[in-house]
């Protein structure tokens, strides 16, 4: 069989790599893909943009049996609706269901309607009422641009001045284009974050392995937010008890609530959670797709065929399958271009990939391109060095062995990915 993966990031390289491992799969097309998917066994890039929906559907109709969507942008504009209208299997939520990620305001209102735990909040489109609300609530406080801002439209303001500047920026300056024309202001939640990703077939839910990502650009969680600088799986904060609470209080009410409201949810559903000291989960955000970089360590641990699981979802039979996981933890370190998440250079030649390929683990490509037979940088997050180990500390050590082999002009990475889990292993408890 043949499969199409839509996207060009590290997440899509990991999905394509995993799908290609199924012996029934002869070919994995990736649109538009990156240098990693260009050279991955069984994989081939297709030069179609992720938002060129008609072209994607035309290609899928002629060439593939099923499609898996990586990024949020095509989902929010209705790629699944179009594929379905043409009788094509496409794993992901419809445009209506993808509002869970496409609009922060839709999501907060949905959570309130269904009594799903989340931070207190209010939506604003005008500066004055927003500033008055800030005065009333004080800092720390969280300001979010309403639409898609590539994971960067969230400001955790530790002072009122910072909060007011963020509101002015998003509403008056419209720093995030269209996405910022409405803001959500919400209470600051204390605790530990976890990424809880499940597969949904409309009615049944199959949990994936838990993970924790590191959003801040600098060590010890300093500096601005990014799309994610590294991740590991599983997330020890999600104990068996917390897992049950998340399913009962967050995932099931969300899937049922969406169905009741006429937006039956299919695809990957990612709940970004804050877990407090008592183990109570609150929803920070939903994403309507697998996380990036969480996909990379999670796929490394998945022993089952991803294709089989997706087929079960199309058959509305996710309750009949189980996902098998390697019990060992895995950890991925993102290698980024100098200047990220701000402005960065593209087109630098990447050195050391051949040496890294000889070391245990896997270097997934994100912002890379093939130019004259050389792999060059083509984005802010460029690679993700991913490895497993008997402990998180071992997995971390192995991932950094990989990361150290690879470099280009201005490359950098965080040196402490997984620090919370490693502190737990050593018996130091950190919040």
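From the backbone N, Cα and C atoms, a Cβ is placed for every residue, glycine too.
Swiss-Prot annotations:
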- 108-315: domain 'ATP-grasp' (DOMAIN)
- 134-195: ATP binding site (BINDING)
- 285, 287: Mg(2+) binding site (BINDING)
The one of 134, 166 whose CB sees the fewest other CB atoms within 10 Å, among these binding-site residues: 134
Of 190, 285 (the binding-site residues), the residue whose Cβ has the fewest other Cβ atoms within 10 Å: 190
Helix, strand or coil at residue 134 (ATP binding site) [DSSP, three-state]: helix
Number of other Cβ atoms within 10 Å of the Cβ of residue 142 (ATP binding site) across all protein chains: 20
Separation of alpha carbons, residue 285 (Mg(2+) binding site) and residue 182 (ATP binding site) (Å): 16
C-beta crowding around residue 158 (ATP binding site), within 10 angstroms: 12
Arithmetic mean of per-residue pLDDT over the domain 'ATP-grasp' (108-315): 93
